[in-house]
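Enquirer: First, the structure itself, so that you have it in front of you.
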Amino acid sequence: LQSNMETKYSVAEVCREDGRCHPLDQGSIMAESRDYNELLFAWKGWRDAAGKVLRQDYERYVELANKAAVLDGYSDNVASLNDTPIFEKDLESLWMELEPLYQNVHAYVRRALYKKYGPQHINLKGPIPAHLLGNMWAETWSGIMDFAIPYPCATQVDATPAMLAQGWNATRMFQEADRFFTSLGLLPMPEEFWEKSMLEKPSDGRQVVCHASAWDFYNRKDFRIKQCTVVAMDDLITVHHEMGHVQYFLQYKDQPVSFRDGANPAFHEAIGDVLAMSVSTPKHLKSIGLLDKVEENYESDINFLMSMALDKIAFLPFGYLMFQWRRKVFDGRIPPNEYNKEWWNLRLKYQGLCPPVARTEEDFDPGAKYHIPANVPYVRYFMSFIIQFQFHKALCEAANHNGPLHTCDIYQSKEAGKLLSDVMKLGSSKPWPEAMAMITAQSKMSAQPLMQYFEPLIQWLQRENQINGDVIGWPEYDWIPQGKTNKRRHLPHRFGGFHFELLRLNVAELTEGRMKLD
């Protein structure tokens, strides 16, 4: 069943009435188009093609996976995958600490979208339509940096134009990432990596799963990456992320097989992202010829921090709600006949987003995200986006960095590299709190380094939102695009910084509001 779902996902295409079809790499439409209806076509089309078709398979998969987990002595499939390495209440506490920052980013971006699309499509007191944020899943928002940038005349951190102008290709991007790793005294990619990895989408017509992934073949020499790389800064960051996985494989390859894994799944996700935080700095991009000049002033700093927030902060509620939905599906708190309804309840509660068109239980919008049909536990990503800032702070201290945390570049610091390699070599042979303490000198997850990193932007956002008179949260939570509202059934719940009522979508009424697409 899982293989069948992954295959359906990988071959899904969105087709227009004239017969032209677009695979998932239509994601470029989401990042580049500013046409409301074209974005709507791509958003709905992908969910029809890749999500809806998986619903029956997924229901059956949940049933069988839970039965298998019970036979193995677990309560359900998620528990068997160790998807909760720390208690749910601790995750909720971390989210509550981060929520005010996210809500300030949300309010600022909502204002920028309002200026672009107007009151017909954006309500300054309501949720944001989920197709307008530059990404197919609205998990990161860096695709709309062009009209969310605070200071257009100051330095803008986008290496894509320079990469294209200089003729960069996928191999050059991976070579640059390898150069960064080895500058820290870490291991170079082995010969087999360069021979056997798939770094670009095949040009021979083969259908492949383009979702980037790293592979350990457990023979201590064969490690690969599969990625349909596009020459763009976002993909340069992804390259570092995936090579972080391979570096981890290389470091613990001599451990017994049972210990060839990360200290916890979040460590594996965080390693490459930590290095990418240095690569993303204007200072580093200039050093590798991807920025002409670096202006060291307040406006440029805020631009850089905003670009990072649209990636890092915007992701946090998505990562958390993916964990919540999946956990509740497998433990039975979300029954099959409420899969889509509860998905949108969570997206509204945590992200402040709404669907741009009516959704029913015939749809299966969670399935339009690769990790759902592939059964990839998602809490690791939420955790990694927090601990990578803890690692970044510790590595910057090891590199004797002076100045604000967001300006740190650990390139060529052997001291920082040794901290990382000492932990990676352990694999999963030590409890993760011990591994955490080896890098950060404390054994718990903390949001404080993240807050320290974004402190200048936090102050700027609070001041900017106050000047604009923007509401923090989404008090007009039952608003939908086109200015229509629907009667709804309600249950009490808290979200958006206020006490409101959790939406229960009335499918029959919402169906009346369907929009016609080309």
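Note that Cβ sites are derived from N, Cα and C of the backbone, with glycine treated the same way.
Bear in mind that the values here come from a model prediction, so they are computed numbers and not experimental data.
So TrEMBL says this about it:
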- E242: active site, proton acceptor 2 (ACT_SITE)
- E242: active site, proton acceptor 1 (ACT_SITE)
- H371: active site, proton donor 2 (ACT_SITE)
- H371: active site, proton donor 1 (ACT_SITE)
- H241, H245, E269: Zn(2+) 1 binding site (BINDING)
- H241, H245, E269: Zn(2+) 2 binding site (BINDING)
- R380: chloride binding site (BINDING)
- C15-C21: disulfide bond (DISULFID)
- C210-C228: disulfide bond (DISULFID)
- C396-C408: disulfide bond (DISULFID)
- N169: N-linked glycosylation site (CARBOHYD)
Enquirer: Go through the recorded positions C21, C210, C228, E269, H371, C396 and tell me which ones have a CA within 10 A of the CA of E242 (active site, proton acceptor 2).
Expert: E269
Enquirer: At a 10 Å cut-off from the C-beta of E269 (Zn(2+) 1 binding site), count the other C-beta atoms across all protein chains.
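Expert: There are 23 such Cβ atoms around E269 (Zn(2+) 1 binding site).
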Enquirer: Using C-alpha atoms only, work out the spacing between H245 (Zn(2+) 1 binding site) and C15 (disulfide bond) and round it to an integer in Å.
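Expert: It is 35 Å, counting Cα to Cα.
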Enquirer: Taking only the recorded positions H241, E269, H371, R380, which one has a CA atom nearest to the CA atom of C210 (disulfide bond)?
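Expert: Nearest by Cα distance to C210 (disulfide bond): H371.
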Enquirer: Do you know offhand how many angstrom separate the residue listed as 'N-linked glycosylation site' and E269 (Zn(2+) 1 binding site) by C-alpha?
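Expert: For the residue listed as 'N-linked glycosylation site' versus E269 (Zn(2+) 1 binding site), the Cα atoms are 24 Å apart.
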Enquirer: So around the Zn(2+) 1 site, H241, H245, E269 aside, which residues have their CB within 8 A of the centroid of those CB atoms?
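Expert: For the Zn(2+) 1 site the neighbour list reads A214, E242, G244, H268, A270, I271, G272, D273, S384.
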Enquirer: List, in sequence order, those recorded positions among C15, C21, H241, E269, C396 whose Cα sits within 10 Å of the Cα of the residue listed as 'chloride binding site'.
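Expert: Near the residue listed as 'chloride binding site', where near means Cα within 10 Å, the recorded positions are E269.
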Enquirer: With every protein chain in view, what's the tally of Cβ atoms within 10 Å of the Cβ of C228 (disulfide bond), excluding that atom itself?
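Expert: Result for C228 (disulfide bond): 19 other Cβ atoms within 10 Å.
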Enquirer: Of H241, E269, H371, which recorded positions come within 10 Å of C15 (disulfide bond), going by C-alpha to C-alpha distance?
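Expert: So the list is empty; none.
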Enquirer: Are there residues of the same chain, six or more positions away from C21 (disulfide bond), whose CB falls under 8 angstroms from its CB, and which are they?
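Expert: Listed in sequence order: E13, V14, C15.
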Enquirer: Which entry in the list of recorded positions, H241, H245, H371, has its Cβ near the fewest other Cβ atoms, using 10 Å as the limit?
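Expert: Looking at the recorded positions H241, H245, H371, the Cβ with the fewest others within 10 Å is that of H371.
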Enquirer: Which of the recorded positions C228, E269, H371 has its Cα closest in space to the Cα of C396 (disulfide bond)?
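Expert: Closest candidate to C396 (disulfide bond), judged by Cα separation, is E269.
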Enquirer: Least buried of the disulfide-bonded residues C210, C396, C408, going by other Cβ atoms within 10 Å?
Expert: C210
Enquirer: When you measure from the Cβ of the residue listed as 'N-linked glycosylation site', how many other Cβ atoms are you left with inside 10 Å?
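Expert: There are 13 such Cβ atoms around the residue listed as 'N-linked glycosylation site'.
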